[in-house]
Amino acid sequence: MQFDVTIEIPKGQRNKYEVDHKTGRVRLDRYLYTPMAYPTDYGFIEDTLGEDGDPLDALVLLPEPLFPGVLVEARPVGMFRMVDEHGGDDKVLCVPVNDHRWDHIHGIIDVPTFELDAIKHFFVHYKDLEPGKFVKAADWVGRDEAEAEVQRSVERFKAGGH
């Protein structure tokens, strides 16, 4: 399975950008309240609709941060299942397709534990200081579950659009 991911937030940022799906422009949503930065490039999978009503979120492992709006052809290796104040907010963990440095990463088991722990720590705590926001459940699942969620999100998009 391969798909395009639109990067919204580069690794290392505290600015939370979002693509305005009506205009196609990148908008500053907020500056994170917690003194933490995004641990990977963050964006969404094109032509999907997640459980939260937004395109399905994606995390892309890259050696250098990209710019908001850049498309990356990616493949899933796992997924971070997360529930926040709006409900399900899963994030598909991906690697770029056309970069042989990632050929050895086939599933979540191949991603270094420290990397997974750092990503989990960020998403469990990044809303801690924001009034009315929270994360109440979060854990990693494998590639098969990630691919199934991508497929469900594609079907939701086709049924309802965005």
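Along the chain as shown, residues are numbered 1 onward.
Glycine is treated like the rest: Cβ placed from N, Cα and C.
The active site, proton acceptor annotation in Swiss-Prot covers ASP89. Around the Cβ of ASP89 (active site, proton acceptor), the number of neighbouring Cβ atoms within 10 Å comes to 20. Secondary structure at ASP89 (active site, proton acceptor), taken from DSSP and collapsed to helix, strand or coil, is coil.
In this structure, GLU8 (Mg(2+) 2 binding site) is part of a beta strand by DSSP. The Mg(2+) 2 binding site annotation in Swiss-Prot covers GLU8, ASP57, and the record cites sequence analysis as its basis.
A 10 Å cutoff on Cβ-Cβ distances gives ASP52 (Mg(2+) 1 binding site) a total of 16 other Cβ atoms nearby, all chains included. In three-state terms derived from DSSP, ASP52 (Mg(2+) 1 binding site) belongs to neither a helical nor a strand segment and is classed as coil. Sequence annotations record features per position, and here Swiss-Prot assigns Mg(2+) 1 binding site to ASP52, ASP57, ASP89.
Residues or ranges marked as Mg(2+) 3 binding site in Swiss-Prot: ASP84, ASP89. In this structure, ASP84 (Mg(2+) 3 binding site) is part of a beta strand by DSSP.
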### Task
Give the sequence-ordered list of residues that share a chain with ASP57 (Mg(2+) 2 binding site), lie 6 or more positions from it, and have CB atoms under 8 Å from its CB.
TYR42, GLY43, PHE44, ILE45, GLY50, ASP89, ASP90, LYS91, VAL92
### Query
What other residues of this chain sit with their CB within 8 A of the center of the CB atoms of ASP52, ASP57, ASP89, the recorded Mg(2+) 1 site?
GLY50, GLU51, ASP54, LEU56, MET82, ASP84, HIS86, GLY88, ASP90, LYS91
### Query
Among the binding-site residues GLU8, ASP84, which residue has the largest number of other Cβ atoms within 10 Å of its own Cβ?
GLU8
### Message
Can you tell me the CA-to-CA distance separating GLU8 (Mg(2+) 2 binding site) and ASP52 (Mg(2+) 1 binding site), as a whole number of Å?
### Response
17
